[in-house]
Amino acid sequence: MTKYIFVTGGVVSSIGKGIVAASLGRLLKNRGLKVTIQKFDPYINIDPGTMSPYQHGEVYVTDDGAETDLDLGHYERFIDINLNKYSNVTTGKIYSEVLRKERKGEYLGATVQVIPHITDALKEKIKRAASTTDSDVIITEVGGTVGDIESLPFLEALRQMKADVGSENVMYIHTTLLPYLKAAGEMKTKPTQHSVKELRGLGIQPNMLVIRTEEPVEQGIKNKLAQFCDVNSEAVIESRDVEHLYQIPLNLQAQSMDQIVCDHLKLNAPQADMTEWSAMVDKVMNLRKTTKIALVGKYVELPDAYLSVVEALKHSGYANDTAIDLKWVNANDVTVDNAADLLGDADGIIVPGGFGQRGTEGKIQAIRYARENDVPMLGICLGMQLTCVEFARHVLNMEGANSFELEPSTKYPIIDIMRDQIDIEDMGGTLRLGLYPCKLKPGSKAAMAYNNQEVVQRRHRHRYEFNNKFRPEFEAAGFVFSGVSPDNRLVEIVELKEKKFFVAAQYHPELQSRPNRPEELYTAFVTAAIKNSN
């Protein structure tokens with residue numbers, strides 16, 4: 001029988017529910033249990049694919065092409081699993097499916113209501129996420145805060161699950177903030193008490209509290225919370241601020257969180273062996289070198305827009321015993337005249353993805369600086385496309401060369417819309433999304449990065465591709481197409497072989513990086529940057 005764990009949040013948003021859920025998932029996985037995890041997002045968008053990065057942060061893409069919340073990146077990196085489209089559910093997605101069924105007459109004339117139709121659809125998503133992965137345990141995080149009007153149908157579905165599958169198969173974990181008033185010198189439990197009271201008013205009694213705090217929590221405070229919130233005192237778990245996120249699973253294990261969960265759900269599983277994880281954390285805490293990487297992006301005011309990129313750089317740094325000193329460079333600020341001032345102290349330059357015209361000329365100048373000064377450079381998605389545009393303009397002398405996306409009237413559309421995208425008008429969910437194969441050119445830097453594999457599978461999110469009619473001119477000038485689709489139609493990786501490292505990929509390699517298994521192309525880039533710093 002599958003066990004269901006539901007993680008809710010109270011008092012304030014952005015309290016770290018996703019990290020708690022991911023950390024618990026890692027602990028349960030290391031007990032030998034098969035774990036999956038999902039995120040419920042109460043917003044009305046179908047998915048975050050068309051949302052501004054300033055609103056939502058990065059869009060995380062799964063193997064099967066779902067555009068999802070960035071928390072799924074935390075889940076995959078912590079638990080080291082590949083999630084699917086059932087792992088992110090929004091209000092918009094649920095209502096869209098229910099209304100589509102109503103239009104088809106599938107409800108046989110019934111009045112369609114929040115209860116039972118919306119709540120039934122939500123419960124079906126929970127069960128489908130578990131069944132499609134054959135999991136022993138599924139962890140479901142509900143976004144937002146208890147008390148938000150948008151969350152009510154989600155919480156009602158969670159309440160009903162207890163009756164549907166039995167109380168011994170369900171556990172409710174509530175994460176809250178325990179504020180510390182410096183002037184008074186004391187922690188305040190009242191916000192947590194009120195949050196739990198509101199949750200109980202919706203029919204959910206939490207079995208565990210995870211309290212986010214900046215200061216150590218005395219046992220007396222835990223006992224008080226246990227008494228007023230009706231949970232066992234040992235089930236009041238402290239989640240203190242840490243230097244590195246990957247410390248959190250170890251901190252939670254030290255408080256027997258996973259054992260309490262297993263006892264409640266009657267899961268007979270051995271103790272979690274966290275030896276490898278602990279060694280990784282110890283290494284992360286004691287890195288001996290530092291390498292400066294300049295990230296040239298459009299959305300640098302909100303680092304969450306590049307969360308997976310940053311994590312992938314860190315992972316590759318760990319593998320090289322190196323801390324990454326990230327220099328955020330706004331692409332709008334980069335010009336041919338100041339590129340050296342902005343980028344001259346960087347050991348490597350990364351140009352990540354994005355959409356739209358703004359900042360693209362700055363990215364092109366950053367790429368030009370890297371090429372002309374032989375600074376290791378990694379381009380991702382739009383960064384790959386602009387790498388091709390930069391080469392066309394400044395090496396092949398194609399004045400005005402551009403991407404058709406950015407300038408439809410350009411004489412040299414180096415990047416063009418994919419053939420199967422021409423007649424598509426909707427923006428959401430219509431990109432080339434998910435896992436696709438990439439055939440590597442033997443002897444190339446890309447092939448060497450991937451240990452001379454013939455084919456790698458990587459995740460994509462794009463609508464435009466390199467225009468193949470320009471391939472002969474590029475190749476004649478030494479531009480290497482080192483990764484292509486198996487049918488040779490789509491360009492996946494480009495590089496300049498004579499440079500220290502000048503490689504750009506159409507796909508998003510960062511989405512498959514893990515703290516104990518860094519993505520190979522990122523590792524090759526970071527390794528080249530380290531050599532460049534010596």
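Keep in mind that glycine also has a Cβ here, set from the backbone N, Cα and C atoms.
Binding site for UTP per Swiss-Prot: Ser13, Lys188, Thr189, Lys190, Pro191, Thr192, Gln193, plus Lys224 from the candidate set Lys127, Lys222, Lys224. Together with Ser14, Ile15, Gly16, Lys17, Gly18, Ile19, Arg240, Asp241, Val242, the ATP site in Swiss-Prot holds one more listed residue from Asp69, Asp71, Asp80, which is Asp71.
Of the listed candidates (Gly354, Gly356, Gly359), Swiss-Prot assigns Gly354 to the same L-glutamine site as Tyr54, Leu382, Gly383, Met384, Gln385, Glu405, Arg463. Each of the binding-site residues Thr189, Thr192 was scored by the other Cβ atoms within 10 Å of its Cβ; the lowest score goes to Thr189. For Lys224 (UTP binding site), the nearest neighbour among the recorded positions Ser14, Ile149, Glu405, His508, judged by Cα separation, is Ser14. Between the alpha carbons (Cα) of Asp71 (ATP binding site) and Thr192 (UTP binding site) lies a span of roughly 24 Å. The ATP site in the record is lined by Ser14, Ile15, Gly16, Lys17, Gly18, Ile19, Asp71, Arg240, Asp241, Val242, and its two most distant CA atoms lie 19 Å apart. Annotation for the recorded positions Lys188, Lys190, Lys224, Arg463, His508: lowest Cβ count within 10 Å of the residue's own Cβ, Lys190. Per Cα geometry, Tyr54 is the residue among the binding-site residues Gly16, Tyr54, Thr189, Gln193 nearest to Glu510 (active site). Listed recorded positions: Asp71, Glu141, Asp241, Glu405, Glu510. The one with the lowest count of other Cβ atoms within 10 Å of its Cβ is Asp241.
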